[in-house]
Ligand SMILES: *[C@@H]1O[C@H](CO)[C@@H](O)[C@H](O)[C@H]1NC(C)=O
Ligand SMILES: *[C@@H]1O[C@H](CO)[C@@H](O)[C@H](O)[C@H]1NC(C)=O
Ligand SMILES: *[C@@H]1O[C@H](CO)[C@@H](O)[C@H](O)[C@H]1NC(C)=O
Ligand SMILES: *[C@@H]1O[C@H](CO)[C@@H](O)[C@H](O)[C@H]1NC(C)=O
Ligand SMILES: *[C@@H]1O[C@H](CO)[C@@H](O)[C@H](O)[C@H]1NC(C)=O
């Protein structure tokens, strides 16, 4: 009696401590490991809805040892990239949590830090093949235990994107989906498809490029390739090495933060198929007819809604721009301006939209000097930093970059704003005089179709 009374709580406590300690952590290495180099080890950390913050280490040998590893559920593998200092990735916890929030799956974080942490990048590249072979064996075992390959989604970051590609190729492209987040460029650029990620590696391959001029891969690798901000310099990232340590990885890492935001569904980034980023900024690629009622593809996790049409097109390059920080999404409008000045005018345009509660969205169209010509429609792409659901007022400002003696005027016959979300009716205004560098605010009215 005495023993039972006192031992039971002690036992319970022991079990709880054991449970608390049984959360498996991502391998934390330090710079000295990265300098010496370590052999490849592939730790598989399972997260499920049963406990989204506590990982279980999966056994490679016996897949039925873990009651929560349910092979009737879909599985999402998250595969990190090169870890020059050996530290765990900062986005790990957020990514597993939001993935579980969106999908009742087995989230398997592939911890190949032993292998990825090496000051010698080329050694880590070599290790991608060993890691891929190890994962292939594990996924084959999953299949033998009843998992369906088409319910497997691999999310690979940087080197991890190519690992996903190798695994996919080993399994003859039967895996459901591979998402490549800024696939690594160095040593992979120029290689044939079997030596890198390519569209035949899975039933559907979607890729995000955020650092094509440095650590990322420039050419398309999937069925759809997203190039936010042209895929090079991401807004909000330091432009020179003098700005600090994040200079090297900021553009590259942005890919993970953009994908995370698409999982959160805070807002959407619509992306437009185009032959180049310049053409896109010029507003020449806003036609989304080929995608039917769904419109142009929305970047991120939910791109599978466009899967059928994208597979038909085989490879599609799409562009969008982002804000400097979260929320990254922007809202697009077609901005059409017709002037009646006798002479051609060149300059830039800033458009602001004001909502009910005084909220304000800004689009600055200044990627190049815009040309305005008498009685000719100049069609521009206005990308606003946020969405205004009900636009009450609009302001326009014309500038030429001339600060000392602003003297030009833009005599606008008509300006028309059309939301590319197609939810709202176009907004118009007729007869507005813009003096250089002076903002003019007005209430938009509905457009007169008959006149133009
Ligand atoms: C998840 O596991 C941790 C550590 O064992 C524990 O503290 C937490 O309460 C668990 N959460 C749930 C929902 O079981
Ligand atoms: C994969 O790696 C794990 C741990 O690093 C090891 O235990 C397992 O045997 C490997 N599997 C294969 C098929 O090499
Ligand atoms: C695998 O693990 C389960 C559960 O722990 C056990 O019942 C089974 O015997 C193991 N199988 C092998 C081959 O070790
Ligand atoms: C495994 O998942 C399936 C599908 O979600 C579910 O129906 C089944 O009950 C689960 N099995 C266990 C043992 O939790
Ligand atoms: C989970 O998803 C819901 C609905 O999409 C959202 O409101 C909530 O903030 C999400 N939670 C996390 C932790 O992402």
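In case you wondered, yes, glycine gets a Cβ from its N, Cα and C as well.
The domain 'Lipase' annotation in TrEMBL covers 38-328. For 158, the entry in TrEMBL reads active site, nucleophile. What TrEMBL lists as active site, charge relay system is 182, 252. Residues or ranges marked as Ca(2+) binding site in TrEMBL: 196, 198, 201.
Feature map: annotations from TrEMBL on the structure.
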residue	record	Cβ contacts under 8 Å, 6 or more apart
158	active site, nucleophile	80, 81, 82, 181, 182, 183, 184, 215, 216, 252
196	Ca(2+) binding site	162, 165, 183, 188, 217, 221
198	Ca(2+) binding site	165, 205, 221
201	Ca(2+) binding site	164, 165, 166, 167, 168, 169, 173, 175, 178
What average pLDDT is reported by the model for the domain 'Lipase' (38-328)? 95
Within a 10 Å radius of its Cβ, which of these active-site residues (182, 252) has the fewest neighbouring Cβ atoms? 252
Three-state secondary structure, residue 198 (Ca(2+) binding site) (per DSSP): coil
Could you check what DSSP calls residue 252 (active site, charge relay system) once collapsed to helix, strand or coil? helix
Apart from 196, 198, 201, which residues in this chain have a Cβ no more than 8 Å from the mean position of the Cβ atoms of those residues at the Ca(2+) site? 162, 165, 168, 169, 193, 194, 197, 199, 200, 205, 221
